[in-house]
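Student: Please see the structure below; I have some questions.
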Amino acid sequence: MSDAATRTEGTSGGHSSSAVGLMVGAVGVCYGDIGTSPLYTLKEVFIGGYGVQANHDGVLGVLSLIFWSLIWVVSIKYVIFVLRADNQGEGGVMALSALARRAAAPFGRLQTFVVVAGLIGAALFYGDSMITPAISVLSAVEGLEIAFDGLEHWTVPLALIVLIGLFLIQKHGTARIGILFGPVMVLWFGALAALGVYGVIQQPEVLQAMNPVWAVRFFGSHPGIGVAILGATVLALTGAEALYADMGHFGRKPIARAWFLLVLPALVLNYFGQGATILSNAEAARNPFYLLAPGWALLPMVALSTLATVIASQAVISGAFSLTRQAIQLGYVPRMSIQHTSSHEQGQIYIGGVNWALMVGVVLLVLGFESSASLAAAYGVAVTGTMLITTLLMGVVIWRLWKWPLWLGVPFFCVMLAVDSLFFAANVPKVVQGGAFPVIAGIVIFILMSTWKRGRQLLVERLDEGSLPLPVFISSMRVQPPHRVQGTAIFLTARTDAVPHALLHNLLHNQVLHEQVVLLTVVNEDSPRVAPDRRFEVEAYGDGFFRVILHFGFMEEPDIPGALRLCHLNELDFSPMRTTYFLSRETVIPSRRIGMARWREGLFAFLLKNANGNLRYFNLPLNRVIELGTQVEI
């Protein structure tokens, strides 16, 4: 887990308030998405065109499916097992992909599969990040239609006002109001539980749904639509991946405790309470969540629902920022401008390009679907796809890293794979029913990420073709030494055994070398953080030439000047006013050489041209940087 989480948990033995604080924080950040699912899940099941009757057997069968889905997928798979697959405390599909890639290192094809699976999972997460705010806020605002007649036409405008306002404040950060997220969500889950108890008391027979026989009987009595219903019941599981993605903020134990002590009981009670309402009045299936509430509680629940959905949306947006930073560090996404919105919380970041892209996607979804019922058809494909990818990557971890015995690992993996495959298959028909949007968004993002990754590989390969081995270069400098000037020159290069092109261009045009020449390589590790004693490697070649390798984790800011200040060597001088950084800026020219399709080469050239340069990314001083350009055919 993260350092902060580790410290807090380490002292929680004597301070129960610390453990409670972490649990409340986890409720506010991790459980917003799954916590707002009761707003639309049962409504979609009964009015979504699946043909499920709102009668005794239908209600108990659906409730049983939801209950056991929560037990198996969330409780057993994610909370008990997946949360243990942390990458030095960090979670999420990117962190899991990096962990599985290390575990699969001896197997080239398996490693390639892990990389592709990780990219697909990340792409689907971005698609999910657009749908969650749209469907959550829409479903909350729709409660006004129950309270007041004639407000149907105001649902979309009100939802857009809330959502656009949420995206507009991202640049200013949410640290100040973030402290309220946990208490508000605790209040939300308390309200869910209270409403559920209110409904169950009126129809206690709904508690029979905890018997899995009702789920089995439902499939038997609905052979034509049984699997299709899973496409609707999976809405109750949306947000399960967020538990894993946000693990680095709180640690495994607070997230697990919050689930079993508060979130799971509240969700089960509320779903069962909604089922009781439908049993009492089949017409309540049109919006069982709000019709479960007594008349006096309707408007307060609309207000609380709106707050809860905004918090859930905020968590998803922050998750997209965090995932993007990880992807940038791992080399899957072009470098973007990352702003820190809090001086106290390192995880509070803002990425403008991601924020505006998400906002456009969310607005288009709201305008295109206009209601949570319509949007529910688009939900599920991205969610179940990400869940399936997580299971596949977990299979690699179980086999290669945890080294479970075959008699245990194979059956467990097969059961996880079968359940997730069933949910995914149930959602595939949604692609032609409105679910194409997250799929198309995922495909576009996958193409961008894979093109960037492959393009960077080709760029390095092309630069290597004309590179000069470092020992040969140093030997030639001894034979014909150029004029040396005072100071330190740092040349950034991806290769550790060749001369940077910027160094050759500088020597060719300026005919001089600095007293100290440092060839600097930055290595992004598959782990979230790097220990201080592993931050740098230094090798002296003599005649003022040095090789320095800096290591950064995918959750760290690659601050080169800051890291070099820790590099204490008597013979190296990194004084700011005596150090000059030389960078190479490549201009890519698409060609007919073997590598990528011409359109992908053109796309990569566009991405490279618009990506943030090394200067900002590595926090280099503006007045101490010289950029030298070069053209490269790929």
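Placed from the backbone N, Cα and C atoms, the Cβ positions cover glycine too.
Okay, so Swiss-Prot annotates it like this:
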{"type": "TRANSMEM", "residues": "19-39", "note": "transmembrane segment"}
{"type": "TRANSMEM", "residues": "62-82", "note": "transmembrane segment"}
{"type": "TRANSMEM", "residues": "113-133", "note": "transmembrane segment"}
{"type": "TRANSMEM", "residues": "150-170", "note": "transmembrane segment"}
{"type": "TRANSMEM", "residues": "177-197", "note": "transmembrane segment"}
{"type": "TRANSMEM", "residues": "225-245", "note": "transmembrane segment"}
{"type": "TRANSMEM", "residues": "259-279", "note": "transmembrane segment"}
{"type": "TRANSMEM", "residues": "291-311", "note": "transmembrane segment"}
{"type": "TRANSMEM", "residues": "349-369", "note": "transmembrane segment"}
{"type": "TRANSMEM", "residues": "379-399", "note": "transmembrane segment"}
{"type": "TRANSMEM", "residues": "406-426", "note": "transmembrane segment"}
{"type": "TRANSMEM", "residues": "431-451", "note": "transmembrane segment"}
Student: Restricting to CB pairs under 8 Å, which listed stretch, 19-39, 62-82, 431-451, is in contact most with the transmembrane segment (113-133)?
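Tutor: The listed stretch sharing the most Cβ pairs with the transmembrane segment (113-133) is 431-451.
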Student: Taking residues 6+ outside the transmembrane segment (259-279), which of them lie with a CB under 8 Å of any CB in it?
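Tutor: Sequence-remote neighbours of the transmembrane segment (259-279) are 23, 27, 31, 34-35, 37-38, 41-42, 46, 54, 56, 59-60, 62-63, 66-67, 70, 74-75, 79, 186, 189-190, 192-193, 195-200, 202-207, 209, 236, 243, 285, 288-289, 291-292.
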Student: Counting Cβ pairs closer than 8 Å, which of 62-82, 150-170, 177-197, 379-399, 431-451 has the most of them with the transmembrane segment (19-39)?
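Tutor: Out of the listed stretches, 177-197 contacts the transmembrane segment (19-39) most.
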Student: Where, among 150-170, 225-245, 349-369, 431-451, do we find the most CB pairs under 8 A to the transmembrane segment (379-399)?
Tutor: 225-245
